[in-house]
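*Asks:* Following this message is one structure expressed as structure tokens.
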Amino acid sequence: MIFGFLLVGVAFILLGFLQDLPDGWLFIVAATVLRMTEGIGSSLAFTGMYTLLPVLFPSRVGLVMGVFEVGSGLGFAVGPPIGGLLYTVGGFMLPFVSVGATVLLIIPPTFLLYKKTSCQPKVISFGVIRRLSGNFVFVLLLISQVICLTALGFLNPTFQPFLHKQFGLDELQVGLVFICAPAMYMILAAIFGALADKFGPRGFIVSGFLISGVSFFLIGPATFITTPRLWLTIVASLLMGVGLAPAFIPSYSDLLKIAKTQHPEVNTEVLTGVVSGLTSATLSLG
């Protein structure tokens with residue numbers, strides 16, 4: 001986790017200085033390397049965090065995962081408007097340097113908080129991963145995680161130009177509309193996590209995808225429904241967050257349950273490491 005934070009923080013700060021490079025291959029190579037470094041750091045940090053959750057809270061994985069995703073939802077929600085504001089105030093460099101410095105400031109308290117958390121290194125056979133990959137439901141849940149993050153990720157390159165061209169919104173206003181889906185996701189994440197622990201995850205996952213599917217038809221909206229309207233786009237964004245929370249949150253505890261049922265002989269910390277690594281991979285793929 002700590003090394004991941006270090007890579008992400010440094011990469012973000014250096015991204016802010018890309019504007020000083022000349023156009024051409026040097027800029028492209030530098031930007032690509034820094035983004036890859038950021039991705040490696042994020043993978044390290046998220047895999048570490050996802051591994052710690054079920055180890056520290058084995059009986060309430062859904063609830064704790066939901067609380068954890070409140071943080072993720074808050075980041076998705078406040079990121080666009082804060083980024084838009086910082087860009088408006090200080091140009092290209094300020095958002096990157098600010099975020100990078102903030103990530104680096106997380107390292108000391110993280111080190112102090114987890115210095116007494118000892119998870120002993122263990123060896124795991126890739127045969128366990130291979131056998132889990134042959135479980136249809138396990139693979140289907142991983143695919144569902146990819147779809148959930150794709151649902152949020154595809155908005156990044158498409159939503160801003162759509163909102164600007166269709167409704168004439170500026171950067172700050174676009175950021176405020178971006179808040180809608182992550183905000184609802186953040187508000188409902190812990191609730192659905194707790195409910196999934198009590199009633200089981202599958203019903204929530206299916207219902208979440210149904211709600212999300214409806215939101216995608218409305219966010220544009222689909223041409224056979226009506227013409228674009230700002231209020232409808234905002235409502236659809238809120239509905240997307242309502243659907244993605246139950247679609248994604250319970251899937252992690254469901255994956256852990258399948259892994260433990262199929263491999264009861266394997267140490268719990270090992271299985272959580274495998275599932276957290278796979279979840280981190282699906283999030284990045286999405």
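Cβ from N, Cα, C; glycine included.
Quick paste of what TrEMBL says about this protein:
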| type | residues | note |
| --- | --- | --- |
| DOMAIN | 1-118 | domain 'Major facilitator superfamily (MFS) profile' |
| DOMAIN | 137-286 | domain 'Major facilitator superfamily (MFS) profile' |
| TRANSMEM | 28-53 | transmembrane segment |
| TRANSMEM | 60-79 | transmembrane segment |
| TRANSMEM | 85-114 | transmembrane segment |
| TRANSMEM | 135-155 | transmembrane segment |
| TRANSMEM | 175-196 | transmembrane segment |
| TRANSMEM | 203-224 | transmembrane segment |
| TRANSMEM | 230-249 | transmembrane segment |
*Asks:* What mean pLDDT score does the domain 'Major facilitator superfamily (MFS) profile' (1-118) have in the model?
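*Replies:* Over the domain 'Major facilitator superfamily (MFS) profile' (1-118), the predicted model scores a mean pLDDT of 86.
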*Asks:* Please spell out the DSSP helix, strand and coil residue counts for the domain 'Major facilitator superfamily (MFS) profile' (137-286).
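*Replies:* Final tally across the stretch: 127 helix, 0 strand, 23 coil.
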